[in-house]
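What TrEMBL says about this protein:
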COMPBIAS  7-18  compositional bias 'Polar residues'
DOMAIN    50-183  domain 'Casparian strip membrane protein'
REGION    1-25  region 'Disordered'
TRANSMEM  55-72  transmembrane segment
TRANSMEM  92-110  transmembrane segment
TRANSMEM  131-152  transmembrane segment
TRANSMEM  172-193  transmembrane segment
Amino acid sequence: MEKTVDISATNKPVQTPAATAPPEVDVEAQSSSTAGVQSIVRKWKRVDLMKKGSLILRGSALIFSLLSFIIMACNKHGGGGNWMDFDTYEEYRYLLAIAILSTLYTAAQVSRQLHQLINGKEVLSQRTADFLDFFGDQILAYLLISAASTAIPRTNQFREGVDNIFTDSSAASISMAFFAFLALALCAMISAYKLSHQSYI
């Protein structure tokens, strides 16, 4: 008995499964998250730049304050009489005292920042450090410019009559104090910016 083949059954078209559509991507959410990450990275870079900048400025202020202190402390030349001794004049004693105070302050600040940079640990809390930077930089900058401004008239008065090693040393000490003032004034601006952009809540 011959078998019959159902041709119509064999010629049925094969149905392929429909292709699934790719999942929709939330472009807006992705772009906002990317912008958020970029904003955080920019903030970290800005904070790191300010930390390094303030460290360099305070290091410069330390060097200038130390030079002002050493030059004035060595400004004793008894060969010309008692008038060539810085200790005779209140203006120069004031400048020497402020130079010593600025040296101590900037040395402490540089040591604190170096400790944080090397060990990654804060010696003080962030809030305390920001307030210390803000008020300390401003006060020392004011004292330095005050001391330099007080000593300038006395030095100019001496130079009208004579120009020697005593007057030159006095002028050099005043110049170093002024440079230290500039460095701390820039530090005060950085400290004010950090304080105004810091949230303590």
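Note that Cβ sites are derived from N, Cα and C of the backbone, with glycine treated the same way.
Remember, it's a predicted structure, so these values are computed and weren't measured experimentally.
For the transmembrane segment (172-193), the residues of the chain that approach it from at least six positions outside its boundaries are 50, 53-54, 57-58, 60-61, 64-65, 67-68, 71-72, 75, 92, 95, 98-99, 102, 106, 130, 133-134, 137-138, 140-141, 144-145, 147-148, 151-152, 155, judged by C-beta separation under 8 angstroms.
Proximity of distant same-chain residues to the transmembrane segment (55-72), defined by a Cβ-Cβ separation under 8 Å and at least 6 residues beyond the stretch ends, is recorded for 86, 92, 95-96, 99-100, 102-103, 106-107, 109-110, 113-114, 117, 140, 144, 169-170, 172-174, 176-177, 179-180, 183-184, 186-187, 190. The domain 'Casparian strip membrane protein' (50-183): residue composition by secondary structure is 118 helix, 2 strand, 14 coil, according to DSSP.
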